[in-house]
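A.B. asks: Not my notes, these are from TrEMBL:
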| type | residues | note |
| --- | --- | --- |
| DOMAIN | 61-343 | domain 'FAE' |
| ACT_SITE | Cys204 | active site |
| ACT_SITE | His282 | active site |
| DOMAIN | 365-445 | domain 'Beta-ketoacyl-[acyl-carrier-protein] synthase III C-terminal' |
| ACT_SITE | His366 | active site |
| ACT_SITE | His370 | active site |
| ACT_SITE | His399 | active site |
| ACT_SITE | Asn403 | active site |
Amino acid sequence: MRSRSTPIQLLKLTVFVLLAITITLASLLPSKQSFLLFLSHHKLLLFSLLWCKLVALLAYARARPLPVYLLDFSCHKPGPESRGSYEICEYFGRRSCQHSAESEAFMRAIYRKSGLGDETYAPPFIFQTDYKAKFQYAILEAEDGMFSCVAHLLAKTDVDPSRITVLVTACSMFSPSPSLTSMLVQRFKLSPSVKTFNFSGMGCSAGTMSFDLAAKILRRQVGYALIVVTESTSLNWYFGDNRHMLVTNCIFRAGTAAALVTSDPAQRERAKMEVVRTLRTHHGADDAAYNAAIQMEDEDGHVGVALTKDLVRVAGVGLRNHISRLAPRVLPVSELLRYVYNVARSFLAGDRKAVHVPDFTTAFEHMCIHAGGKAVIDTVGRLMKFEEEVVEPARMCLHRFGNTSSSLVFYELAYFEAKGRIKSGDRVWMLAFGTGFKACSVVWRALRDSRIDPDNPWKDCIHRYPVSI
């Protein structure tokens, strides 16, 4: 099937053809004076060339991609009554009488080395007396996070809900009917013309992929896109004894974030950052990558998400493939040349097993790295040869909030803002992985210095971070 040419490609072809005609005419004539004399005697041809070039340039100016800005974002921070400390989680596990003594000991060991602190937030059903993962608790968790985030965001940006043209929600493990986007449309009375998209089953990469989708839509027309990313752990707590599936109970926690992006040029002065580039890669064709993290039933019929031992290796392979595509687009020429030189030198020396990694700190001042777990952060840091200060925000985010799935990169961005580290002109790299196996990057450029907002989730504890883990 032949692919259709885009308007930009057609306009580029038109300009190229007109330029080729001009150069051909100039080359066929003996001198510049002859060329000008030829045009002066053929005014219709001259007028036609100038008119076509002008139309092509104006059409290109109208059809070129619009810049996309991050107007603002908000992260949900539940109340202290939702704290999911180690003692609360262990108490819930024992009182539910759903796990064997061996499984309780296993979860205790995983939790202690997970990198999570005692101030993460647990789903609502954990604090009920029936110890059942019910649909009503999943709805309560989704509404509490989404409605709170969006209300704060709209208040901060002073954007009327009727101006929102695109709505994207992401929740991997919970897809009710009516959908999450319908819940938001009903709650905030969005316009009937709003275009809605629901991401499910995308794993922790759904947050960055939502930015990718919204940016592609907004680059074609002026509008506002509301992105809401959450995860429902209420219906996905695992009550069996399969160790691969018990890990999710220990690291996943409640969290939600919302962001407002726009392609309205008038909002540039108010925006925090501008989208520079997005990149998505999918490695699901490989069986190991596809099965590295998968929802399934255990031997006793209990449903849960199995995180296999191959997950860390798969993440490493996926990361190498992803950065090999990203590097030529973001790294400075000097770093690319240094990388090629090191690879060539090792090859000529006969050391074909040497692994060379470009220095991505030359391309980005700040990095929001996937905080899916301590082992994942360690793997990314080792493969990319990052200093500890680079992975610090990811470790602190995991410690304070746990793995909040697709919203975790927002909590990391909030960490940078709370620390006041982002300065105007700085480049920020968001990197997240998802089930399937997927990787997604979003590259931003800061438009102004960061400051801590009143609703920043780190506001009351940032003075205690970083901490030793």
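Placement of Cβ uses the backbone N, Cα and C atoms for every residue, glycine included.
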A.B. asks: Round to a whole number and give the Cα-to-Cα distance in Å for the pair Cys204 (active site) and His399 (active site).
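C.D. replies: On Cα coordinates alone, these residues lie 17 Å apart.
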A.B. asks: With DSSP, how much of the domain 'Beta-ketoacyl-[acyl-carrier-protein] synthase III C-terminal' (365-445) is helix, how much strand and how much coil, in residues?
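C.D. replies: For that range the per-state counts are 40 helix, 21 strand, 20 coil.
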A.B. asks: With the cut-off set at 10 Å between Cβ atoms, which of these active-site residues ends up with the most neighbours? Options: His282, His366, His370, His399.
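C.D. replies: Selected residue: His370.
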A.B. asks: Can you work out the mean pLDDT of the predicted model over the domain 'Beta-ketoacyl-[acyl-carrier-protein] synthase III C-terminal' (365-445)?
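C.D. replies: It averages 93.
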A.B. asks: Within 10 Å of its Cβ, which one of these active-site residues (Cys204, Asn403) has the largest number of other Cβ atoms?
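C.D. replies: Its Cβ has the most other Cβ atoms within 10 Å: Cys204.
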A.B. asks: Relative to the Cα of His370 (active site), which of the active-site residues His282, His399, Asn403 has the closest Cα?
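C.D. replies: Checked the active-site residues His282, His399, Asn403; minimum Cα distance to His370 (active site) goes to Asn403.
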A.B. asks: To the nearest whole angstrom, what is the C-alpha distance linking His399 (active site) and His366 (active site)?
C.D. replies: 19
A.B. asks: Roughly how many Å separate the Cα of His282 (active site) from that of His366 (active site), to the nearest whole number?
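C.D. replies: Between the Cα atoms of His282 (active site) and His366 (active site), the distance comes to 24 Å.
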A.B. asks: Quick one: Cα separation, Asn403 (active site) versus His366 (active site), in Å?
C.D. replies: 20
